């Protein structure tokens, strides 16, 4: 493992693979800029414009992996200056009426979440989900997705094809209606709906994509004819063209849409990530076992062309097997499918002996409900009740006053549940939580019936699950005692802080930030170079505990972990996270750009992810990017963040130029002023904000990389070794 220069984090998280996208963000007290993959020259110690620094260093940039997906994402935001002026008047002339698709272009974030990378990819998902709805309705079996070299995307299915007849209300073709009118679609339910079950509810998906595309082309195959029409920024620029298909093609049906995102809307990030889209496609293929989805990325360089086909006949059972590939299962994957009261339930689950947290994924009409909902609540309630009842019935749980909590029962559980609901109630356009109360009852009863019958017929499986749950209870009691001991030692609740923490004078956590640095040497430079008004420094003594392999009791006894919990104000694991309790809202990991530094970054990320995952969800975790090289030519000094920048600087010099190159092996080698100028100054530094995009895949990666299975870790490294630049080997 010591072969890779920035191995544990850079390559490990490269291995963690395309599951990781990192958000670059730097902040001043008046303006906030953020970027991803934007070009930036090396830092020169002269006055500079902040925008010149907007680029992501390859230090831990994760993208372009083949078989893995980004589980951390980046969003790009720029906060415009708001002039504080009083309105000159407020009358009827100030009341604006936005017509057609103007509301979408005026406030795109309301429809796609953001105008950064996440919103950009949301356009693809809107069209993709429409195609999947055709598959769920039983009319489509194949979807082709192509990421073209000109940064357009095309999605084609073999479903029924969007209707093209004249619509009785709009007096336009039905195709133009769904493309140009908000809340027009065939998925509103009822006898007149074109779909019994669908993920689209508001009739805005296709029209929103059209509104936010500088160009969109649609082709329909239906009733032996081919229809074509072109649009720009939500408006048709051609009429609907129709011609007959050749005799041999008259059975062809389906819809193909190709769109070019509007540069006026997506001004900061216009690059589609293959692996991010591949992850969503893989998910949809697991959820729809009769559907085949092909993904291709075109490129002018033949070696960079990527393509994969996703088909999983085993459905959710295969999904759980994939999620648990690096774990030690206690039993075979359990799975069932049932329909009750018009709701279809598809579920698979498995407990693993070497996992100490649960992974529960919920879907409603193939839409990932990242915030859970009534279907997840139903599963949790049923599991807790079933295992307590069967445990007491089998005398495995003997004490009358002991009951297993949901947390104990679910330790080591991987569960995926997908429900198909005719009239789902989602929270918001982004559909992050399912709200139908009737779903909880149906799911609860279905899980109760299936799991009770199965476990009574397989007492060995029941015994292994109960043994795991009872061990979780004992570990929780031991951890509770350890927490109390820690509290008594003034680690969690005392006002005293770790001795090595150099705190800042700011008392508002929103204004304060803390750098977690590697060792006293780097800590000394950082303490001298920082701005004491709002920057705190916490030096670590060597590598912290790998909590992936330890229980809570051992974690709380570790001094470095104690320092992190107290210094950052993380509270107690398992308790509700309160951002206002944090001492700093910006937690910056700042380590050396070598093997040890990358390993420490990975250990810290593992700790934060397992101990308080909400830190990622709240956008509190950052990685600082120090320069690798210092180039001096005369009075000019250049700082380069990777080998590519170094070569670029060298090429800019005359062939006979004389200059000196210094490679920084550690932060301790940098003078405090250098560290401030290049790495800590909010006006010139480069930070990467880490946000969990897919908790399930993040869980898989952390388990693979930091768990006890050497064979799985070795396989992960070998599978990704071919993607490593040989020049980055540290031999």
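Just so you know, glycine gets a Cβ as well, placed from its N, Cα and C.
Features as listed in Swiss-Prot:
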type	residues	note
DOMAIN	512-619	domain 'Toprim'
BINDING	518, 592	Mg(2+) 1 binding site
SITE	543	site 'Interaction with DNA'
SITE	546	site 'Interaction with DNA'
BINDING	592, 594	Mg(2+) 2 binding site
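Shown on the structure are the features that Swiss-Prot records.
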residue	record	Cβ neighbours (10 Å)
518	Mg(2+) 1 binding site	27
543	site 'Interaction with DNA'	15
546	site 'Interaction with DNA'	16
592	Mg(2+) 1 binding site	23
594	Mg(2+) 2 binding site	19
Please compute the mean pLDDT of the model over the domain 'Toprim' (512-619). 83
Spatial neighbour of residue 518 (Mg(2+) 1 binding site) that is closest, considering only the recorded positions 543, 546, 594 and their CA atoms: 543
How far is it from residue 543 (site 'Interaction with DNA') to residue 594 (Mg(2+) 2 binding site), counting Cα to Cα, in Å? 13
Helix, strand and coil totals (DSSP H, G, I; E, B; other) for the domain 'Toprim' (512-619): 54 helix, 17 strand, 37 coil
What does the structure give for the C-alpha distance between residue 546 (site 'Interaction with DNA') and residue 594 (Mg(2+) 2 binding site)? Integer Å is fine. 19
